[in-house]
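A quick write-up on the structure given underneath.
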Amino acid sequence: MIGAPPDGTGIVLDTQAYLGWAGPFWTAVSFTGAAAFFLLLLPLIYWCVSPRLGLRLGLLLAISVGINTSAKLLLATPRPYWVSTAVHPLAAHPSFSMPSGHAQNAVPFWGLLAAWTGWKRWAVAGATALVLLTGLSRIVLGVHYPGDVLAGWAVGAVLLVGFLMLERPVSAWTTGAPWPAKIAALLIGAAALVVPAAVAVLCLREPLPAAWIDTATATSGLPAALAIDPYSMTPALFAAGTLFGIGSGAIWTGTDFGVGGRLRVRAARYLLGMALAALIWAALTLPLPFGWVGGVSAWLLDLLRPAALGFWMAGGAPRLFAGFGLLGTEEDRGRR
């Protein structure tokens, strides 16, 4: 069901009027909540800082993205630049608006990093600043209403608290569970991230108001496919693939390997891993064999690409690093 536009356009316009002059700054801040940022940072953490922390962050982010995608599809609310020609979008996002994914993902990501430090003051202050700035950036850029950001923060906070509460008992179960049971749990989790979104797309989908399409294309200057395409399954499939890929990779290789070493060793580890990750992504961007076309094959690739990258990050790359002698020493093995 298509949702009504929130009553917050005036706040968006005022925020843009006062803060829009620093557009490049807000764009950079917003990038810290984008998928590309996490694709660059997560491997760095996993391979060079702490495998266990990287695993926790990767799984939590995947869950957050999946929940956010389903929530957007079920609420189906427009973005500010879809309904008001007065809004000047400094970015464009084709998905629905509520809750803000950038604002939501910032809370569990930076919050879990702060928790990893033992809630040190500088970490809490830094995480809080990044969360607030990320949310504000989405309003300045004209892609979210204040209510979207508040909803994103609320959902993100619930996810962070829930993850921290359930992490210990789930970790205790995985320690003694056989690998088939772990794989089954991952499959169930991945399905849980996809099914609600699929139901919304396949069963609850309604035609978009023509006024939204016209306004979105006029304000953004982009074709409709880039300015407004909210019924895409790609984010949900990306989340499910990431969850299964990272989880299965960690089951295969574990997280008890050293990530220390000199700076040049860590740099070599990261550059080699990312170069091969780029090759994996490029290979899975090629057309599928046997002439497969259409939505099903596109959905399959949207699921397979993140699964392969996640498995590479958590499973394949550490084994390759070990073969090349690029892992750390016994002293830093299993570092948290």
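Quick reminder: no glycine exception, Cβ is built from N, Cα and C everywhere.
Bear in mind that TrEMBL entries carry predicted annotations, made automatically and left uncurated.
These features come from TrEMBL:
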type     : residues : note
DOMAIN   : 55-164   : domain 'Phosphatidic acid phosphatase type 2/haloperoxidase'
TRANSMEM : 25-46    : transmembrane segment
TRANSMEM : 53-75    : transmembrane segment
TRANSMEM : 122-141  : transmembrane segment
TRANSMEM : 148-166  : transmembrane segment
TRANSMEM : 186-204  : transmembrane segment
TRANSMEM : 211-228  : transmembrane segment
TRANSMEM : 234-255  : transmembrane segment
TRANSMEM : 267-288  : transmembrane segment
TRANSMEM : 308-327  : transmembrane segment
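Taking residue pairs at least 6 apart in sequence, the transmembrane segment (267-288) and the transmembrane segment (186-204) share fewer than three C-beta contacts under 8 angstroms. Long-range contacts of the transmembrane segment (267-288) within the same chain: residues 40, 43-44, 47-48, 261, 297, 300-301, 304-305, 308-309, 312-313, 317, 320-321, 324, 326-327, each at least 6 residues beyond the stretch ends and with a Cβ under 8 Å from a Cβ of the stretch. Each residue of the domain 'Phosphatidic acid phosphatase type 2/haloperoxidase' (55-164) gets a DSSP state, and the totals for helix, strand and coil are 80 helix, 0 strand, 30 coil.
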